[in-house]
Amino acid sequence: MMRRLSTQDQSFKQVFADLLAFETVNDPELLKTVDQIIADVRQYGDEHVLKLTQQFDRHPAHQFSDLELTQEQLKTAFEALTAEIREALELAAERIRSFHQAQKQEGWSYVDALGNTLGQKVTPLDRVGIYVPGGLASYPSSVLMNAIPAHVAGVPEIIMVVPAPNGELNSLVLAAAYLAGVSRIFTIGGAQAVAALAYGTQTIPAVDKITGPGNRFVAAAKRAVFGQVGIDMIAGPSEILVYAEGQNNAKWLAMDLLSQAEHDTVAQAIFITPDEALLDEVAQAIEEHLAALPKADIARTSIANRGALVLVKDRDEAIELINQVAPEHLELCLDESEAMSQKIRHAGAIFMGRYTPEAIGDYCAGPNHVLPTSGTARFSSPLGVYDFQKRSSLIMCSQEGVKSLAKAADVLAQQENLDAHARSARYRYQ
């Protein structure tokens, strides 16, 4: 059963805070294991990655070259799709590409009053690695959401890793990689794949940034290699917060909550409303849906451990709670959803109106589904083209324009006791 809370309860603040508390990577033994894997991959390269892939994934590969897929294999997988699946995948890819094209940043410059040129140069990263969760239940949508923004950014080389338990792969993942323009694919996973991308091996080139979700070993490895390479984020369990008032279909709302609860036993689904009757209806609809849901066991554990039905006194109180949660996915199911969204400061993605289920955003709306979790929407953003670009400042002083700037730099450098700085500037105006 999903717990029911009311903001009028005396213990609500503490209970709600406890509900939100979750440590993504905080197991000393896990961190020790991951550190050892990374060290071994750095020392032994291909040999150790192959060994761990055979051990953990039971992959039948005899040599490292068996772990790399060819472009011909990707093309074959794409061409083997049924017309219906191919059209859906192409629609999703087209919409994702179109949305992310609007994010692409360009350089700029201007000449100041002193005649100096100042600006910013935008450059794509040279090479990126994308991690895609593997197995027969893997997600082609993750391929599109990670690879397409990199492609739009102008990244010339995209390396993808995806584990293949028992050597088996979801052909739709390969088709998505073909459609998204992935350069090379290796059927490896876990901390060893992250280490290989970060430091390189005899076969896998080192990348500049690693993106994509994975299990706790992957999350720990990404945290460990950060600094050697960039990363997108440390992904926690999936989250959804649904706020509803007025006329709503309780069955729709309940299924929206379960759409995230079915991901993982530690996923989080929270429903907030000022309408107690609607709260009752949603609670009942959840139980009815669970009776027929294939992943009911996972969803039931998720909502029992980390889910909640929350009764608030009004919309303003709900907004306070939403900003406290900073949810990965936020649905606003009411007539004034756009107006309410203006008061939301912290959320990964905001789905406005009764006809906008979170699932649309997962696949084909266009915006990225790689979103900040565990409250990190307070300070971070969805994955985007900007994650695959970097900026360099441009400064060019004219012979006359440098004089006043150099005098100021000279004075400030002296105050910081940096004599070489001061003299360097002074040479330009004396």
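The backbone N, Cα and C atoms fix where each Cβ goes, and this holds for glycine too.
Values in this document were obtained by computation on a predicted structure and should not be read as measured data.
As recorded in Swiss-Prot:
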- GLU328: active site, proton acceptor (ACT_SITE)
- HIS329: active site, proton acceptor (ACT_SITE)
- TYR131, GLN192, ASN215: NAD(+) binding site (BINDING)
- SER238, GLN260, HIS263, HIS329, ASP362, GLU416, HIS421: substrate binding site (BINDING)
- GLN260, HIS263, ASP362, HIS421: Zn(2+) binding site (BINDING)
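Feature annotations (Swiss-Prot) mapped to structure.
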residue : record                       : Cβ within 10 Å
TYR131  : NAD(+) binding site          : 29
GLN192  : NAD(+) binding site          : 29
ASN215  : NAD(+) binding site          : 15
SER238  : substrate binding site       : 23
GLN260  : substrate binding site       : 28
HIS263  : substrate binding site       : 19
GLU328  : active site, proton acceptor : 29
HIS329  : active site, proton acceptor : 27
ASP362  : substrate binding site       : 19
GLU416  : substrate binding site       : 9
Inter-residue Cα distance where the pair is HIS329 (active site, proton acceptor) and ASP362 (substrate binding site), in Å: 10
From TYR131, GLN192, ASN215, GLU416, HIS421: binding-site residues whose CA lies within 10 A of GLU328 (active site, proton acceptor): none
Euclidean distance between Cα atoms of GLU416 (substrate binding site) and TYR131 (NAD(+) binding site), Å: 45
Rounded to the nearest Å - Cα separation of ASN215 (NAD(+) binding site) and HIS329 (active site, proton acceptor): 20
For HIS421 (substrate binding site): intrachain residues, at least 6 apart, with Cβ closer than 8 Å: ALA409, ALA413
Span of SER238, GLN260, HIS263, HIS329, ASP362, GLU416, HIS421 around substrate - largest C-alpha separation, Å: 56
Alpha-carbon spacing, GLU416 (substrate binding site) to GLN192 (NAD(+) binding site), which is rounded to whole Å: 46
Rounded Cα separation (Å) that holds between GLN192 (NAD(+) binding site) and GLN260 (substrate binding site): 28
